[in-house]
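> Quick one: this structure, given as structure tokens, is what I'll be asking you about.
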Amino acid sequence: MAKKNKKDKEAKKARAELKNQKNQKKQEKKFQKNKNKSLNGEEDDESDQDLDEILSSFSKKQIELEHVDITSVEKPSCRTHPLMFANPQHNKHELFIFGGEFTDPETKLTHFYNDLYSYSIKNNSWKKYVSQNAPLPRSSAAVAVHPSGIALLHGGEFSSPKQSKFYHYSDTWLFDCVERKFTKLEFGGRDSSPSARSGHRIIAWKNYFILFGGFRDLGNGQTSYLNDLWCFDISTYKWTKLETNSKPDARSGHCFIPTDNSAILMGGYCKIIAKNNKNLMKGKILNDAWKLNLTPDPKKWQWEKLKNFKNQPSPRVGYSFNLWKQNKSVAFGGVYDLQETEESLESVFYNDLYMFHLELNKWSKLRIKPQRQTNSKNSPATSKRKSNKDQEKELQDLLNSILAKSNLNDDDDDNDDNSTTGPNSIDDDEDNEDDSDLDNQEDITISNQLPHPRFNAATCVVGDSLFIYSGVWELGEKDYPINSFYSIDLNKLDGVKVYWEDLSAIEEAKRLGDRDSDEDEFEYEDDEEDEDDGEEEQDAGPLEGDEDEESESDDDKQAQMEIPDERSWLPHPKPFETLRAFYLREGANFLTWSISNNRNLKGKQLKTKSFELCEDRWWERRDQVTLEEERLEDTGGIIERDTTTKPSKRR
């Protein structure tokens, strides 16, 4: 045993010596490289400029603009960490992208943006806005939109071209979604508004914008994570800092979503001192959940810690989280750091899609359904879609007759038979889409696969569609921006619309592999031995391969079980049945149930309640229906697919 220990020590000593030699060679190589730069006059480049000078130059150029410059463009330039948000105006079908950053892979210089883009979903067209009153260039800012048509922007970060110097903003801006105009808000003292930061989150609730968390750079490589809570009153245009008895730990990159009378906070990221090395700050991915109980008086707001939710995704950070409907949110992507040392970081990236039901406190994993094979305008599916109006009229006649028997018709129901509450709102735009709109979609392809794994994607929900723009993927120490744009119909889940996608750099990196990993082989070995000597490891999520094996075994187990039905008296969706088809089939039953439970309502209000109940039921049984769909696909069973919805184009 003693001989073995002695041999291990000698081997370890030899590896350490080899490591020192390699590090010395690296330092010599770096010194020679810097020396050559100095001799060639390259030492005084843009990266050494003072940040105040850079920002001052931007400001001067911006002031010279005499008017707003509006240009039609094919698409935004490639960038990461921008803001993307929907126009909150009803039926506007438009989204905005602001700011972001891009690091040139050849020069390694980083450029920050302050241009604004608008995207018309109906016309599939982009416009670029450049004006003198726009915020200075930045990335990783926070934004939220209010139903009144305004958006609130706060903070963000900026750096020198080689990212040797960083700057965090503390300014607050209002954006008018109608006029496409930014307005900077001024406040009194230093503590009258949130401090400079990035990585924070803002939500809108009633007449307030609510801000929590984030981080700021303190210089000398030090970072401060925040857990302060602020509210912005849109009636007074003032920030107020709120103090609570208990509150979540400081963090950035968290999820923050409003509900009717609360706000839900989940996850996030911070850095802590490593237990075995006080000089090393290790990243910590948080997996807790909190509820902020909201009242009309902000001074009475209080935090409440929540238990873990059912079917919760594995721990991760950098995943998007967007409010979809009043009681549902959707999450995409993210990253989990498996192992972090002073010189390396191993991570797993995700591209899964989840729905979180705010009332049930339950997660559901969403899956893309296989594409139908037809796209002809004269196909049976298209003919079936044309008869869909007849089905809707039959349903309306039936609903009105049920209301008439109970003497619950509105006075104007007879004149409004064609106004269907519910399913029309889902697909009317598609059924009424003219040929010119179809022509604008010619360059869009449909994929049966979710977008490539990534973190920090810019996302927003417009209507029932989730839009995904940009994102970051890593290999070794290199970041790869993903220049791409997608949308997913969250009701149908019948494919991913790919507007554009460039994965060439990522595919090349995967083909070549991480060259740095071969060079650092001995560092990894030493790090592993250090962990064996007693380092407490960070909780690790499953490796990608292990995760697949676990998910497969979990799926096998789920296939053998039934998910309990707490409201078995309500109709059950069929496999592969859309929400629209479910309502057309069972709308009368849902209306009857709504009448018995809403005695004070009439006519249209009862129709609205019946559709809301149908929608809740469709999502409530989504996990069970997904199991049934998977069983049918695995066994090759005959599937009754819904053909009332519009077939997707394949080009």
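Each residue, glycine too, has its Cβ placed from N, Cα and C.
Pasting the relevant annotations from Swiss-Prot:
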type: COMPBIAS; residues: 7-31; note: compositional bias 'Basic and acidic residues'
type: COMPBIAS; residues: 41-50; note: compositional bias 'Acidic residues'
type: COMPBIAS; residues: 371-382; note: compositional bias 'Polar residues'
type: COMPBIAS; residues: 426-440; note: compositional bias 'Acidic residues'
type: COMPBIAS; residues: 516-555; note: compositional bias 'Acidic residues'
type: COMPBIAS; residues: 556-572; note: compositional bias 'Basic and acidic residues'
type: REPEAT; residues: 94-148; note: repeat 'Kelch 1'
type: REPEAT; residues: 150-199; note: repeat 'Kelch 2'
type: REPEAT; residues: 262-310; note: repeat 'Kelch 4'
type: REPEAT; residues: 334-383; note: repeat 'Kelch 5'
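Map these features onto the structure and tell me what's around them.
With DSSP classes pooled into helix, strand and coil, the tally for the repeat 'Kelch 1' (94-148) is 0 helix, 28 strand, 27 coil.
Within the repeat 'Kelch 2' (150-199), the DSSP-based counts of helix, strand and coil residues read 3 helix, 22 strand, 25 coil.
Over the repeat 'Kelch 5' (334-383) the predicted model carries a mean pLDDT of 76.
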> Using DSSP, break the repeat 'Kelch 4' (262-310) down into helix, strand and coil residues and give each count.
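Here the numbers are 3 helix, 36 strand, 10 coil.
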